[in-house]
Amino acid sequence: MPKNSKVVKRELDDEVIESVKDLLSNEDSSDDAFKKSELMVDDQEEKDADVEEGSDVEDERPAWNSKLQYILAQVGFSVGLGNVWRFPYLCQKNGGGAYLVPYLILLLIIGIPLFFLELAVGQRIRRGSIGVWNYISPKLGGIGFASCVVCFFVALYYNVIIGWSLFYFSQSFQHPLPWDQCPLVKNTSHTFVEPECEKSSATTYYWYREALNISSSLSESGGLNWKMTICLLAAWVMVCLAMIKGIQSSGKIMYFSSLFPYVVLLCFLIRGLLLNGSVDGIRHMFTPKLEIMLEPKVWREAATQVFFALGLGFGGVIAFSSYNKRDNNCHFDAVLVSFINFFTSVLATLVVFAVLGFKANIINEKCVIQNSEKILKLLKIGNLSQDMIPHHINFSSITAEDYNLVYDIIQKVKEEEFDSLGLKSCQIEDELNKAVQGTGLAFIAFTEAMTHFPASPFWSVMFFLMLVNLGLGSMFGTIEGIITPIVDTFKVRKEILTVICCLVAFFIGLIFVQRSGNYFVTMFDDYSATLPLLIVVILENIAVTRIYGIDKFMEDLKDMLGFSPSQYYYYMWKYVSPLVLLCLLVASIVQMGLSPPGYNAWIEDTAMEEFHSYPTWGMIVCISLMVLAILPVPIVFMVRRCNLIDDSSGSLASVSYKRGRIIKDPVNLEGDNTSLIHGKSPSEVPSPNFGKNIYRKQTGSPTLDTAPNGRYGIGYLMADMPDMPESDL
């Protein structure tokens, strides 16, 4: 035999022996190796070259520094602004304490199971959303791209809200607060209160005129608002600096951004409970209205809140869990984070209604004083008789109870003439029934309440700093849902991609800091995420339970967790959750069809909001947002179904995944039924066949750094070598 043939034989023998040893290696040694290594994604061309040459260098994936850091990241992503200004509003609107019943039921039916599913697939496959769904079925790879598009749309306007919070935060270092009183206007003859402010309120005027300087319609751009432009730039700079190193930089910030809001909420709760009228607000919130709970609308809104509260479908949950150790107990994480999210919503609701109860009490006191003065005038001019007024009533220091007594007496005696008297009932419940949510709650109702706090600037600083942190925690997960899948799939540098993503988002986001920008925020919030995310999560459920196989997935979970998950999840994933999601999708489409598409425009002359329908071009934008968000799903399906892209071209269609790295497959090995684990479990692996088929490194292609026993959902590549005679082996 020639000398060079012996060398080839010896090298091939070594490779075969190494592969057999890998196949027969036990799981404990693999666990040890995994625990000792820090997983990082390596996208340097030099290391790729080294691996191709057969070196021992392997791409590794970043890992969380601690379990606490990971939990805080998931909590920070799921707990956002919606917990503070959406959940309390839904509670108030949909039966008070009774609303918690449908919310908890739906949390158990769709919230925890689907959250657990996303955590599991991300941790098992160790890829972002694109890689996960492309891996399960290449035809459904568009699910991951759709998640990225939705994340980008949401990030565009979500960071604008952080910019608004930064503006209010910067203005809070003043005493009195700038929104405490209406501004005065001076002319040549006298000084008077700004008419627009006098018709509304000081906080409402400050929000619409000083902060947003809002135009009167969507079509009236009005140019850029330079103050909000600077705040938006600052918000994107903060996000970029925090995300530029991935979880290695954002993970450390999570300790502050995730925990600080709880400190503020607890401080506000303690302070709020000491305020006059706070108990009335909490009692109003938790008084159950059981008849409302039976309405279908309540269940639809509860399901929507559960769905968005946990960040399902965005890809951030999958991205964060992909940096976990393979044997992490993601079931415990799913339950823990879900209930932390729920209790945070309840805590925020207590705080909101304690403060709103205080605010309602102050407004009610003003109402009593103003209407008492009206009664005194009516008594002086003789429209009312003094005999109608009980002797113990003292109008100089009248209480709300005494006023209501007088009001009821006058209403009964002057039944026919009562409306002409112009008296108001002044009930605290009337104020508390005025449901406010979103920006109306945070930037108008809450800011007005804080003007009555002792040391109001301190509380204002704390409140808006909390909003900034809540927003940043959600933004980190949203941006991670964009960056991680693209880095995993296309092997670009994370730092460069993060900077480019933030720059592009900032320049597109300039449409939200025009004078008409608030209307665009409403448009994107209503149309860019709701339906696309529902479709994405339905497809995720179908991909795991139908395409991959629910039985196989349950086996994978048992292998990964070390125990069999409850059969409860089996039935939820296979039957209940898809049915509930489909019902929610249909209900959302019906609701969208019944509700006239439009927005509330602020009219300067009347100092009130007025509903406007979207113009034709606005409707086109709304429809385009929904279509663009879900378009990747059919496009990728048709590309893969019709083989429009050659697998050997190095294109998207040929991307497949190995442990901690990405390779290009020259052939389609698995087809659409690719499982989470190409290889079988140790007990099922057949003995190596030392014939034509061997496990080896393919020449002319990147080295495949395989994981023993397919433990990370990767397995081995079986190379066909018909040209290699058995004698050479």
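One is the number of the first residue shown, and numbering goes on along the chain from there.
Cβ atoms here come from the backbone N, Cα and C positions, even for glycine.
Noted in TrEMBL for the protein shown:
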type	residues	note
BINDING	GLY76, VAL79, ASN83, ASN341, LEU470, SER474	Na(+) binding site
COMPBIAS	40-59	compositional bias 'Acidic residues'
REGION	27-60	region 'Disordered'
REGION	676-702	region 'Disordered'
TRANSMEM	70-88	transmembrane segment
TRANSMEM	100-121	transmembrane segment
TRANSMEM	142-169	transmembrane segment
TRANSMEM	226-247	transmembrane segment
TRANSMEM	259-282	transmembrane segment
TRANSMEM	302-323	transmembrane segment
TRANSMEM	335-356	transmembrane segment
TRANSMEM	458-483	transmembrane segment
TRANSMEM	495-513	transmembrane segment
TRANSMEM	533-550	transmembrane segment
TRANSMEM	571-594	transmembrane segment
TRANSMEM	614-639	transmembrane segment
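Spatially, the transmembrane segment (335-356) is not adjacent to the transmembrane segment (458-483); fewer than three Cβ-Cβ distances between them are under 8 Å for residues at least 6 apart in sequence. Listed by sequence, the residues of this chain that lie at least six past the ends of the transmembrane segment (495-513) yet keep a Cβ under 8 A from its Cβ atoms are 152, 155-157, 159-160, 163, 224-225, 228-229, 232-233, 236-237, 239-240, 243-245, 479, 482-483, 486-487, 520-521. Within its own chain, the transmembrane segment (533-550) has Cβ neighbours under 8 Å at 114, 117-118, 121, 133, 136-137, 140, 143, 146-147, 150, 307-308, 312-314, 570, 573-574, 577-578, 581-582, 584-585, 588, 630, 633, 672-673, 675-676, counting only residues six or more beyond its boundaries.
Against the transmembrane segment (571-594), the recorded stretches 70-88, 100-121, 302-323, 614-639 differ in Cβ pairs under 8 Å, and the greatest number is found for 100-121. Within the same chain, the transmembrane segment (226-247) stays apart from the transmembrane segment (100-121): fewer than three Cβ pairs sit under 8 Å, each pair at least 6 residues apart. At the 8 Å Cβ cutoff, the transmembrane segment (259-282) and the transmembrane segment (458-483) share at least 3 close pairs (sequence separation 6 or more) and count as touching. In the structure as shown, the Cβ atom of SER474 (Na(+) binding site) sits within 10 Å of 28 other Cβ atoms. Taking the mean position of the Cβ atoms of GLY76, VAL79, ASN83, ASN341, LEU470, SER474 as the Na(+) site, the remaining same-chain residues with a Cβ inside 8 Å of that point are VAL75, PHE77, SER78, GLY80, LEU81, GLY82, SER258, PRO261, THR344, GLY473.
All protein chains included, LEU470 (Na(+) binding site) registers 29 other Cβ atoms within 10 Å of its own Cβ.
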